[in-house]
């Protein structure tokens with residue numbers, strides 16, 4: 001199998017160049033990529049050092065490296081692009097098109113997206129994270145009132161990471177309601193969440209996968225028994241259907257996919 | 001101020017087209033953008049509906065919308081691009097270049113990046129998230145042993161969201177060690193973390209910002225008093241310097257920036 005170095009280089013965190021690069025590399029089977037990310041390449045010196053690193057890599061390999069860049073400063077970008085690698089810069093690909101379309105010159109400097117005074121964003125995020133954390137094990141009626149969405153599901157169906165991701169990525173206050181055996185026996189909705197039916201969203205999971213996850217936590221217990229898992233999942237799904245609660249199966253979904261699906265289904269808007 | 005619609009459209013979560021689009025739009029001052037994300041546009045029907053939505057928007061506005069797409073399926077991409085909007089598709093911009101360079105055809109289908117069986121990724125992530133959550137208020141020596149990194153700082157200096165982000169984004173097991181008044185009075189490192197000096201990373205913050213955050217939590221208390229904040233921050237920084245612990249100021253950094261800085265400073269590698 002052929003093998004290629006892939007550099008993700010940015011004068012910021014590198015998250016954009018990584019996600020763009022990964023999405024592209026993912027389209028090529030039969031090539032093995034050796035990835036490395038260089039964030040905060042934000043000075044002329046670091047840019048020159050980067051060129052050296054890329055050129056050295058090129059000498060060691062049969063083929064030139066792929067260089068995905070997300071560098072705002074045009075001077076630094078130009079230096080990095082003087083390496084022998086294949087340059088894939090999304091600023092170069094799109095910035096001129098946008099300048100022409102908007103009739104405005106790009107400012108070519110690091111801007112408000114990663115701004116210094118963006119305390120509002122931090123506050124919204126922190127508030128949502130604290131909301132999630134405070135309610136992870138026990139929840140009050142008041143909490144449910146202030147929640148943007150309430151995720152319901154059996155223990156280990158994926159509620160916690162999804163709530164945290166919604167908080168960190170979108171500032172969404174997601175509450176976590178674990179369905180207890182008592183809840184599952186009833187044909188009614190749990191008393192606590194009943195007044196907030198319009199905020200409920202259900203998570204379900206394949207019983208086999210649930211068993212696997214629970215087994216890690218409490219091996220060979222009633223909790224992790226396949227029959228317990230099957231019956232809990234069955235009861236939970238029956239509850240969602242009976243009360244017309246939208247739900248999704250988490251088994252084959254990433255946390256990102258779950259979060260975005262929930263935002264879409266519940267018509268939630270990011271808070272920052 | 002002129003005003004433009006910006007569509008972020010994807011057959012997946014839309015996170016890549018959003019982050020690429022935001023980075024580009026951020027370069028234009030004096031234009032107000034009205035953003036909207038459409039994830040999971042993954043059928044011919046949804047693609048045609050999308051074209052209608054874009055064309056309707058174009059009719060309502062003086063200028064055509066900007067359309068940032070991250071759509072893997074070439075047929076669906078083609079339909080979406082038949083709208084009157086300005087098309088900015090990073091797959092179109094880079095996929096042919098990569099095909100030529102690699103000598104391999106792109107498979108043009110949703111791939112392993114968001115793969116169905118990526119339970120390893122989920123497990124690494126969950127393990128790290130659980131690690132973070134379990135140790136948020138109290139920590140054991142065993143926890144510290146298995147941590148990838150230990151974030152130290154005074155209460156409300158930004159440890160918790162950073163730990164959670166490191167866990168969710170990179171699968172890094174980040175422990176959270178809050179510096180108590182007792183810790184801060186001593187010239188020694190806290191007894192518990194002393195054996196793990198090589199894993200320590202410090203967080204500090206502007207006392208004024210710390211006061212603001214603490215004030216939200218416990219208004220007009222000793223905890224949120226500016227003098228308390230100043231003296232705690234001073235003592236913490238003195239400790240970091242005395243023991244040569246790398247540290248960063250969280251005041252003007254996003255959680256993403258903090259996480260990436262820590263990964264870089266501590267030479268941590270993502271676990272998935």
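Each residue's number is its place along the chain shown, starting with 1.
Glycine is treated like the rest: Cβ placed from N, Cα and C.
In three-state terms derived from DSSP, residue B:160 (ADP binding site) belongs to a helical segment. Look at TrEMBL and you will find B:153, B:154, B:155, B:156, B:157, B:158, B:159, B:160 tagged as ADP binding site.
For the binding-site residues B:156, B:159, counting C-beta atoms within 10 A of each C-beta gives the highest total at B:159. Cβ neighbour count for residue B:153 (ADP binding site): 26 (other Cβ atoms within 10 Å of its Cβ, all protein chains included). Residue B:153 (ADP binding site) carries a strand DSSP state (E or B).
When Cβ atoms from all protein chains are considered, those within 10 Å of residue B:160 (ADP binding site) total 21, not counting its own. In the shown protein chains, 26 other C-beta atoms lie within 10 A of the C-beta of residue B:157 (ADP binding site). Around residue B:155 (ADP binding site), taking its Cβ as the centre, 17 other Cβ atoms fall within 10 Å, counting all chains.
Using a Cβ-Cβ cut-off of under 8 Å to chain A, the binding-site residues B:153, B:154, B:160 reduce to B:160.
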